[in-house]
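Undergrad: One structure follows; several queries about it will come next.
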């Protein structure tokens, strides 16, 4: 059972599917009727007029009507479009159990606890017939789907079949019916002869709750309180019981025939739904609920859907999945239909059956895996109990007879899923969830241990995708290892693109699109179930939900292409065609409009010519495209879609197109628009539009200030007059201040009663007459004349030297693709093209270099774009002043043609930009980046400051090798020298200014070179090994690493190299020493002992300890020799070495003394001086190499390090820097 939809509500007593729309009506025990969309899983409407439980409910087949009957004795007819009850039919005297529409006539059939069945005419709104005869509650009554029959079930333990052909004949003259009914108002309980009982079916031992006709056969099914489901057959003369289905252990509430299969469904108060095989009369499936009793069942008239109502709501379900099993390879589709494997050629549309499948499984094929190399298929079948799942391996016959195809012998085995992994191997996930690899004979070739998984999918040759509860893992079957994984729960289907570069992972409500390495590119959530998908050749994923065909681009953009009536399963997408299978396994081709996703794809891939073509020719409309373009940063493109002025205005502002914004603002004439336009125009320095905006919004203060800063005194005076007319004293005075008009200020102050201020203003500014006349107006008794400040300074606004008449000059930026091309559609389109053609000459670098300047350096008046400048001299070109003869100094006498012809004018080359190598140096403090840029001097300085390098001779070869990798070279034109490319390691986000060079040397390369050094050490080539270790050590400062772990690994690499170089140097020096005297022999033993304290690999440590052991044993220093023997045995040497060591150890332990005193204390930690090869015990002063960390006695400070041969011992440095992280 596949649950498609579930609701939680009061007890559901009635259910009805809409014949066409994905709707279902539920009538509840609390009096509410609910209308649900089971595909979208939403409640559409509620109808609440009944008083008490509603038991009967039914949709009309054609009209927007449904009927309901309740415990309030009322039958109500509703119009769901108008969302109201149209009328109520009264007549029943007790609860109404069921109500059904007739499939043809305007009749409603109702069954009631008043022991009658009534037929109503919903057009005339009257009762046309009463069927009496039952002597207990009538629990159910239904029309026959094609004949004039009614079946009813009653608690009187009978099922009755009624013949209503008399009613139908009578119904042809409606008047007769009405008069008849009116004439029997007193005795209508006893009915008329319009309907007669044809058969009475007795056989149930208790009350019958439900009876229903078979849609096509003369059969009736009934369910009763005796816990039995009975099947009855009838003919014209009689009806009889055929069989009984036993299994329910409580009252059977409802029983229906499956509309298209030989099945019966029943449900019961025992909290179960049971499916019975009609031919075998046995139970096929049982579905149980824990706490809810079932009350009603409904079958969809056209689809394989059922609904069941229970105590806590209802469920819509299918008995089995309807998804066809199919596999696509190239132009071929293989799919399973009616126990045949069929093959469809997409190109020729030829559809043939190639093979008959063996029968036996009662479950449909779950999925299919096709092997084109061997022309073989794997068909997997899922049982309700997963452990019983099987798969079949078939080889498709070469020359199949399409009319009567063969049924080749298939190989069947148990397993959840089988998938091809190679030409002749397939993987099986068995019931224990382990992976088996089998060959074409279905024999196991090997078992593979895999991480916990419950499903497997194909992932290319040798690879599988493994599904667990919350992720998908890419698994290499050959190497038996996990390659990658991505988080997504319960993936159902996996669809690879044709080139296997992308994969779509489909879950119930989600799609994750990943690349080949399983890096998630985008995650899409859907509210409706995702059904299927296929990749378009352009790299767009086309997928279907229950009700839409949609697209998804790998960047995450997705949208709807078209709506679907019924779910389909996409098999292939090519051009405008979507090839698919429907639920009846019929191949179909749907046409789609790919414009929207092609448009978005072109934008994402920056194919602007395609975008422009679509803008001009395609019917791309709608707010979503505009919003998309705006969101993605293409407002200038969106501008050409928009007709709405408000949207045009906001888009124009966003892309800085003041002209279009001004047009839109004029059309809208809204204060807010003018204010916004003013702000943007001000930012661009377009003060003429700013002035217009301030005038439109009457923003006089800002307008005055604009005139002040542009030096437009004439208009400022007008503003002062306007302020005076408006009686705006403050504005009037402010404008007078801006203008520096003292007499006006005195007048304003005098008029507004500020005599003291007016007097001070006049007197301070030397307006003596005015001051005197004001002085006389003061009353000496009441008013004091204010004192004039003798130190007053004149505050006067500066006089404008050059009033700004034109707008602020803007840089000529290169127009975007769209602005340039779309602008050329307008008036100057052809002209623009001509000018471009004419001016692409040798001087094409800069027309702006030809401005004529006057002696003050300003543009001459003729350079403006006034009418006079354009009007004259157009024929001769005189307005450009390029024909004038200038007297040039003789040294500038250049031969004609040298600069591209006399008429070309003076050419100013563009200023040189910063070279990529200089950018590298500017952006990085890592030495290797400076070496790659060729800046050896700065690289040396960095190495000196960071790790103390003072001797650069050994670095010469490394520098040159590294620099050689810093650039690529390629031939452009045959006549030109080679061009250089400068590859960046951060090329994805480098831009023009943030690049840093690609580095050839990797940490892993050095680690691999370390293995060679170990081999040289093992075979005893010490001097060669020391050279190789030193080469690695010197290369470490020339690395670039990305994380802290790699920094730590690099420092560990330095430590390893130091330990080996010091130790091997000690050993080399020891071997050179003479052995004549006792002192010389003691020195040899000391150096061998020191070597055992180097931190070496165990294999080398064994060799070192064996050497020291032999030397000390010969010197008769048995006590020390015993310690070396014990250390040697702890390392686990070979058996023969261990045996000899134990012999020496036992000899030493018999006499545990040292014959001679040596400068070696094994119990006191020490470092070896890398110059003198003597121990520096802990606590003694020590100097270190800043790069390798090698230890030296203080007397060696300032000398060259013996380990690195390039650094200064004891130098104070910043420290090793090989990652940008170390500078944060």
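Start at 1 and count along the chain as shown; that gives each residue its number.
A Cβ is built for glycine as well, from the same backbone N, Cα and C atoms used for every other residue.
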Undergrad: For the set 895, 915, say which residue Swiss-Prot annotates with phosphoserine.
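TA: In Swiss-Prot, 895 carries the phosphoserine label; others show none in the record.
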Undergrad: Annotation phosphothreonine per Swiss-Prot: which of the candidates 185, 193, 244 has it?
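TA: Checked Swiss-Prot: the phosphothreonine annotation sits on 185.
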Undergrad: By the record in Swiss-Prot, which of 402, 413 is the one labelled phosphoserine?
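TA: Going through 402, 413 one by one, Swiss-Prot annotates 402 as phosphoserine.
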Undergrad: Under 8 Å between C-beta atoms and at least six residues away from its ends: which parts of the chain pack against the repeat 'WD 7' (282-319)?
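TA: Here the qualifying positions are 1-9, 11-17, 19, 24, 26, 38, 61, 245, 247, 250, 253-260, 263, 265-276, 362, 384, 566, 583.
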Undergrad: Taking the Cβ of each of the modified residues and counting other Cβ atoms inside 10 Å, which one has the highest number: 591, 1193?
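TA: The most densely surrounded of these modified residues is 1193.
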Undergrad: Counting only residues 6 or more past its boundaries, what in the same chain has a CB within less than 8 Å of a CB in the repeat 'WD 2' (42-80)?
TA: 7, 11, 13-19, 23, 25-36, 86-90, 92-101, 103, 108, 110-112, 120, 122, 301
Undergrad: Between the Cα atoms of residue 965 (omega-N-methylarginine) and residue 1193 (phosphoserine), find the distance and write it as a whole number of Å.
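TA: Cα to Cα, residue 965 (omega-N-methylarginine) and residue 1193 (phosphoserine) are separated by 40 Å.
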Undergrad: Given residue 591 (phosphothreonine) and residue 1193 (phosphoserine), what distance in Å do their CA atoms have, once rounded to a whole number?
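TA: Their Cα atoms are separated by 86 Å.
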Undergrad: Counting across all protein chains present, how many other Cβ atoms fall within 10 Å of the Cβ of residue 965 (omega-N-methylarginine)?
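TA: Within a 10 Å radius of the Cβ of residue 965 (omega-N-methylarginine) lie 16 other Cβ atoms.
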Undergrad: Is it possible to list how many residues within the repeat 'WD 3' (84-122) are helical, extended or coil according to DSSP?
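TA: Result for the repeat 'WD 3' (84-122), in helix, strand, coil order: 0 helix, 24 strand, 15 coil.
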Undergrad: Quick check on the repeat 'WD 5' (195-234): DSSP residue counts for helix, strand, coil, in that order please.
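TA: Once the DSSP states are binned, the repeat 'WD 5' (195-234) shows 0 helix, 26 strand, 14 coil.
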Undergrad: What counts of helix, strand and coil residues does DSSP assign across the repeat 'WD 7' (282-319)?
TA: 0 helix, 24 strand, 14 coil
